[in-house]
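Listed in Swiss-Prot:
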TRANSMEM  29-46  transmembrane segment
TRANSMEM  118-133  transmembrane segment
BINDING   His118  chlorophyll a ChlzD1 binding site
TRANSMEM  142-156  transmembrane segment
SITE      Tyr161  site 'Tyrosine radical intermediate'
SITE      His190  site 'Stabilizes free radical intermediate'
TRANSMEM  197-218  transmembrane segment
TRANSMEM  274-288  transmembrane segment
Amino acid sequence: MTVTLERRESTSLWERFCSWITSTENRLYIGWFGVLMIPCLLTATTVFIIAFIAAPPVDIDGIREPVSGSLLYGNNIITGAVVPTSNAIGLHLYPIWEAASLDEWLYNGGPYQLVVLHFLLGVAAYMGREWELSYRLGMRPWICVAFSAPVAAATAVFLIYPIGQGSFSDGMPLGISGTFNFMLVFQAEHNILMHPFHMAGVAGVFGGALFSAMHGSLVTSSLIRETTENESPNYGYKLGQEEETYNIVAAHGYFGRLIFQYASFNNSRALHFFLGLWPVVGIWLTSIGISTMAFNLNGLNFNQSIVDSQGRVINTWADIINRANLGIEVMHERNAHNFPLDLADNSLLPVASSSPSINS
């Protein structure tokens, strides 16, 4: 018997590191995008938790009226938030070393900018990591394309909108009630409910939820039973099996009779592509809408669009919405010297035909 011994080529530490980073045998795939994602998301998460619990009030409007957002300063889980960076900072990058002290950095809302920028980098890297793992496994790249929709939405509200409005103070606060406040103010200032792209996003999200529920219930109701009546049908499924796990013909026939013939898919690939496409395109369109409204290309305006023969306005729902928008905008302005543009831009109404003479 002949035994051949070959000298094992020595690999450098860097090569072993590269092999470990890109290995698909790890329990959790890291990848080169993961090298960026992990520190960014850890930083964003850590600072968010600390700021949500203990950050001091922030002068969000830059008018020396700090707003409290943390739990230790009187808030609860519902009202708490990481308050956006001060309007006094605007769009300037505001790392800790740009402030004169840590107290100043906290007062001006530095944690918000730190969390948002690291979070956006992290989720973008997560999307790239999805593509990277798909590539290494020989899969198609549609998973990261689908995830691009929430990435686009987050980028729109946390980065594009502040850029368009000229200050990070206009970004969405990182909290529950802060999110609702952002939505109300956005409606008041941009009439988003009357924007076609927002309507498409609503159809995408709610339609996607409806289609998902319909698909899941149809599949669950048409499983191919491989077990006896006394056992769960789930025991008849083996991970990775080549056979179909449900009868798409039965599901197609059921749904075709429930609605009409052409309302159902008879091709599983086309069906699942549609299920992925519908909500993704809707959220893409909403993100584009937010990004255009960031630069004040607002929703449609049908205010006072109907008048009678005497020129009197006949109010429609558009006028009701406009009245609500004005009320929200007035309540939003905490600084009494800052009137909403809708109220401040009206032409002056004369109160006298001529000025009275004043005897000196």
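For all residues, glycine too, the Cβ spot is worked out from N, Cα and C.
Taking residue pairs at least 6 apart in sequence, the transmembrane segment (274-288) and the transmembrane segment (142-156) share three or more C-beta contacts under 8 angstroms. Of the candidate ranges 29-46, 118-133, 197-218, 197-218 has the most C-beta pairs within less than 8 angstroms of the transmembrane segment (274-288). Its Cβ taken as reference, the residue listed as 'chlorophyll a ChlzD1 binding site' is surrounded by 20 other Cβ atoms within 10 Å in the chains shown.
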